[in-house]
Amino acid sequence: MKYITAISMLATAALTAATPLNGVEARWGSGGGGGGSTCDNNQQQVCCASVLSLICLVDVLGGNCNGGSYCCDNGASVGGLINLNLLNCVQIL
């Protein structure tokens, strides 16, 4: 039983180490001097209200988010109310 736990932890560490980080660096915006709290021109701010971030709405009116805020590369889904490109999002710190 301990071997299975050790092997699963080793596999998780190997997958984490193999994850490319060059795409994440490109998505962080300068934010126009806002300390990284705003999105670039090519990105859209998205508010996620749920704990699991499954329900994310585009911030149309520019209001504050009560949940988590993310900058997303929307591409083809610009103008939609529901963000379908959840993998292209980076959380705003």
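Keep in mind that glycine also has a Cβ here, set from the backbone N, Cα and C atoms.
Take the CB of CYS39 (disulfide bond) and look out to 10 A: across all protein chains shown you find 23 other CB atoms. The disulfide bond annotation in Swiss-Prot covers CYS39-CYS71 (among others), and the record cites similarity to another entry as its basis.
Taken from Swiss-Prot, the feature disulfide bond covers CYS47-CYS65 (among others), and the record attributes it to similarity to another entry.
If you look up Swiss-Prot, you'll see CYS48-CYS56 (among others) marked as disulfide bond.
Positions annotated as disulfide bond by Swiss-Prot: CYS72-CYS89 (among others). All protein chains shown were included, and the count of other CB atoms within 10 Å of the CB of CYS72 (disulfide bond) stands at 23.
Among the features that Swiss-Prot reports, signal peptide is placed at 1-26.
Of all Cβ atoms in the shown protein chains, 24 besides its own fall within 10 Å of the Cβ of CYS71 (disulfide bond). Secondary structure at CYS39 (disulfide bond), as computed by DSSP, is coil. Residue pair CYS39 (disulfide bond) / CYS72 (disulfide bond) shows a Cα separation of 8 Å.
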